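Contents: one structure, followed by commentary.
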Amino acid sequence: MKSAEIREAFLRFFEEQGHTRVASSSLIPGNDPTLLFTNAGMNQFKDCFLGQEKRAYTRAVSSQKCVRAGGKHNDLENVGYTARHHTFFEMLGNFSFGDYFKRDAITFAWNFLTSDKWLNLPKEKLWVTVYASDDEAYDIWTQEVGVPAERMVRIGDNKGAPYASDNFWTMGDTGPCGPCTEIFYDHGPDIWGGPPGSPEEDGDRYIEIWNNVFMQFNRTADGVLHPLPAPSVDTGMGLERISAVMQHVHSNYEIDLFQSLLAAAAEAIGCSNDEQPSLKVVADHIRSCGFLIADGVLPSNEGRGYVLRRIIRRACRHGNKLGAKGSFFHKIVAALVTEMGEAFPELKGQQAHIERVLKTEEEQFAKTLEQGLRILEQDLAQLQGKVVPGDVVFKLYDTYGFPMDLTGDIARERELTIDEAGFEREMEAQRERARSASAFGMDYNSLVKVDTATDFLGYDTTEGQGKVIALYKDGQSVEQLTEGEEGVVVLDRTPFYAESGGQVGDSGYLQAGAARFDVRDTTKTGGAFLHHGVIASGALTVGATVDARVDADVQHATSLNHSATHLLHEALRQVLGEHVQQKGSLVDSQRLRFDFSHFEAVKPEQIKALEDIVNREVRRNTEVQTELTDIETAKAKGAMALFGEKYGDTVRVLSMGGDFSVELCGGIHAKRTGDISLFKIISEGGVASGVRRIEAITGAAALAYLNAAEEQVKEAAQLVKGNRDNLIDKLSAVLERNRQLEKQLEQLQAKAASAAGDDLSNAAVEVKGAKVLAARLDGQDGKALLALVDQLKNKLGHAVILLGSEHEGKVVLVAGVTKDLSGQLKAGDLMKQAAAVVGGKGGGRPDMAQGGGVDVASLDQALALAVPFAEQGL
């Protein structure tokens, strides 16, 4: 039975038991910022188990893609060396949210595993564990299912504390928890190992295939377990493990899914397809890398991106070890798509993107991999003992891009370990240097503590009345602000938009009789809106009623830029690919800035395509529509949500151009797309590894920008005595004439240098039988001096030469030694000494060297080194 067939059978079985099939969630957890990657089937249902979210179903089944690499759950260092460790795996799971409990969960599991309609596993091969005091589960297994007592094992608190057990699950020190029951498969007496709970349980004979967790208690801080009103079930069965059982193999790498990837890896590398751990590493890592990139992660030096980079570089190193020539890793993506693309369509849709990202990362790492490996070999050759020092590990990380675990991998192959504590000390020292070099600012919002919330009126109006419910000065609550004092005003209701979602806060003023407070910015803490500004006149007190007026012109310009940002986001996905995700934005009245995930610079023709798409939507002049709904309905309509953003029960969906752009957004926007008038991109560049930034302008600012550009074109045309139509031809002619003149100048300089060479040769002095010449030729560039040194070497025959020049405000130096003397005197050594005198650097071959510096006043002193240099060396 193939892996794909097992996956589908599992999903179909539970659908027949009334479960709703739920698609795998992203590897980037959308509802848990504490989690690096999705690592279990229950992650996407966490809020359901906690009672914080209600769904249309109470029974669910899924095949969840999971990654365990980095953070608490890190299998990276074991991958390739064991039969069952992976960075990526699939978790089959069925779930009950206050619906069925132990009896049904146990019966479902047993029927799926043993029924001849489904997996038809021999019952006598299955062992079961339960928590020691869970008599209910034990009785269901023995009395209702019929598992004999000799294949039942009670597991107590085997981890040194109450409820610390392999068979008791907890979400944390407090909160939902409960016993679990695990099903094991016995591979037979030919494999070493003992049953669960025995001293030999770590062997490979008895393998856990399914875990059923019964969330039945809530543990309080005092350690007491209180029964939950609606117990739930969370189960998990690794697809790779059950596939190994069904295909009668003992290693996950022997199942059909991995066999195709191993073959593809061997072909891409150009090695034999055997049992080498390095080949298993590559086959495993293509899965995690492919799926992470498909879900929007790009290689970088922090967070999820750094974990991805570590996995890619580990795969590259193991490919290099197997003899890979050039980049190979990206070539395996096609096999991954063939194997898993049907179950996970995002792989098919992102194949070209995944290949490009991997190829780019491979090529970048290849530049330092060989050099780093040589350095490591040198350090290991000098190593005394069995531990690689932390400073060596850090040097490889900091200089050559070797993640710590990659160096650890290499050390492990030599039966060495690495000094992780020493590495961390070096890292902390680097962080401290960075902190010392940083400027620190204070988060003023964090000083303001307001319990009440502000009602926002700004979607419908730019003015309204509100009551002052709090005033702050220097972060401290006050009863009054007087003329000239800066502070923060909190109202019970306001038309001012508070900074969020990339849109800056509104400005304007608050008026209460003679008192006027000029609002410079608006922010938010909790549910309270903070109006930051200064008292322009009078005094403002707590309890006063104010007329709040937003600067409507500034807000309108900001709203146009915000709407244009949404149109740009969709245009980027159409032009560059669906891998594009928003990484940040800043929208004010002057311009918009949009950061997004992409692996290379946006090409000029792509910039034009982006502008064309956005301006097309602007010309369509469609209504900008908003709708309040729940998050699941919004996602079903295709609304884009930002990863890591926490959304409430009700969300605001913003649509433009019908379904052209549909996003969750709480910002202020144009009424119609035509209000934007014009969209123009003014810059594009990189801000971090895998993150690009576009800046653009709209409306009157865009028109002014184009008018200024038109004026520059006219001025340029006048300078070359042309017009708009023939400007390019005129400029091309000027540049060609300039190239010809530069060529003529070089020829004249060469002739002048040649003539000077005849005169200079007469200025050489004799030192111990050799001619030594040092001369200053201001105005000559390095190219001319090189040619002259060559000429003088031929003319003098047995010589040491040092020429210098002041050229464009800097010192240029060239040294030469005839080959018959280069065994005794090195031109590079002379250059290092001379360049140091003029505050620069230099070097080169024994017979020819170049250098320079910035201290023109010391040039003569540098040239004077030639004679003593020759005297000492001859």
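A Cβ is built for glycine as well, from the same backbone N, Cα and C atoms used for every other residue.
Per Swiss-Prot, the feature Zn(2+) binding site maps to His562, His566, Cys665, His669.
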For Zn(2+), what surrounds His562, His566, Cys665, His669 with a Cβ no more than 8 Å from their Cβ centroid? Gly501, Gln503, Ser559, Ser563, Thr565, Val624, Leu654, Glu663, Gly667, Ile668
Protein Cβ atoms within 10 Å of His562 (Zn(2+) binding site), excluding its own: 25
Are there any residues at least 6 positions away along the chain from His669 (Zn(2+) binding site) with a Cβ closer than 8 Å to its Cβ? List them or say none. Ser559, His562, Ser563, His566, Val624, Thr626, Leu654
Tertiary neighbours of Cys665 (Zn(2+) binding site) (same chain, Cβ under 8 Å, six or more apart): Gly501, His566, Arg652, Leu654
Around His566 (Zn(2+) binding site), how many other C-beta atoms are within 10 angstroms of its C-beta? 29
